[in-house]
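A.B. asks: From Swiss-Prot, for reference:
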- 1-11: compositional bias 'Polar residues' (COMPBIAS)
- 1-45: region 'Disordered' (REGION)
- A2: N-acetylalanine (MOD_RES)
- S5: phosphoserine (MOD_RES)
- S24: phosphoserine (MOD_RES)
- S25: phosphoserine (MOD_RES)
- Y28: phosphotyrosine (MOD_RES)
- T33: phosphothreonine (MOD_RES)
- 34-81: region 'Involved in binding TNC' (REGION)
- S44: phosphoserine (MOD_RES)
- S79: phosphoserine (MOD_RES)
- T80: phosphothreonine (MOD_RES)
- C82: site 'Involved in TNI-TNT interactions' (SITE)
- C99: site 'Involved in TNI-TNT interactions' (SITE)
- 131-151: region 'Involved in binding TNC and actin' (REGION)
- T145: phosphothreonine (MOD_RES)
- S152: phosphoserine (MOD_RES)
- T183: phosphothreonine (MOD_RES)
Amino acid sequence: MADRSGGSTAGDTVPAPPPVRRRSSANYRAYATEPHAKKKSKISASRKLQLKTLMLQIAKQELEREAEERRGEKGRALSTRCQPLELAGLGFAELQDLCRQLHARVDKVDEERYDVEAKVTKNITEIADLNQKIFDLRGKFKRPTLRRVRISADAMMQALLGARAKETLDLRAHLKQVKKEDTEKENREVGDWRKNIDALSGMEGRKKKFEG
């Protein structure tokens, strides 16, 4: 009896899998244009917002710290350069002398500032000149964009050789010139080849050859 349990026997053959067909470009295009479900991000929206807020807070703290450091450096520089004035117990003449000294210091600082500004302006001008020279050198060695231009052989030779182009292009100058009269004379001499053969045939023709 045959086994009815659904199992395959020794004589049964397993069907071969269908051949894999390559998708056409149209199918690929259709697949690409079809809307697909977007992959879910591993980070939720609330978590992203929290991280952005934290980054902004850290950046704000860094900016505040840098501003505080600049203010501290400015205060230290002013304390070393501008010492506090001691005005207690000074008379009118002493105050005038102190004012004159302060004015002299201000004038000296202005002169130094003017000298520094002149040096900075000179350096900026020199840098601009050097940059201009660099651009000029780049422009000299820059390869221009070439365009296709239709030009005849005569025009090309004229551009390359100049006045000598006419001599080189005159190809007929070295050829042998044959006059029209010479060709007509040769044609008359040839004439009808049958008559020449008849004239030279027979005894008379042989006689003419010996006589000639």
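Here the Cβ of each residue, glycine as well, is placed from N, Cα and C on the backbone.
It should be emphasised that the depicted structure is a prediction, and the values quoted were computed from it without experimental measurement.
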A.B. asks: How do the residues of the region 'Involved in binding TNC' (34-81) split into helix, strand and coil according to DSSP?
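C.D. replies: Once the DSSP states are binned, the region 'Involved in binding TNC' (34-81) shows 37 helix, 0 strand, 11 coil.
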A.B. asks: Roughly how many Å lie between the Cα atoms of T80 (phosphothreonine) and T145 (phosphothreonine), rounded to a whole value?
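C.D. replies: About 62 Å separates the two Cα atoms.
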A.B. asks: Nearest to C82 (site 'Involved in TNI-TNT interactions') by Cα, among S44, C99, T145, S152 (recorded positions)?
C.D. replies: C99
A.B. asks: Given S44 (phosphoserine) and S79 (phosphoserine), what distance in Å do their CA atoms have, once rounded to a whole number?
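C.D. replies: Per the Cα atoms, S44 (phosphoserine) and S79 (phosphoserine) stand 53 Å apart.
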A.B. asks: Of the recorded positions S79, C99, S152, which one sits closest to T145 (phosphothreonine) when you measure Cα to Cα?
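C.D. replies: Going through S79, C99, S152 one by one, the Cα closest to that of T145 (phosphothreonine) is S152.
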A.B. asks: Over the span of the region 'Involved in binding TNC' (34-81), how high is the average pLDDT in this prediction?
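C.D. replies: Averaged over the region 'Involved in binding TNC' (34-81), the predicted model reaches a pLDDT of 86.
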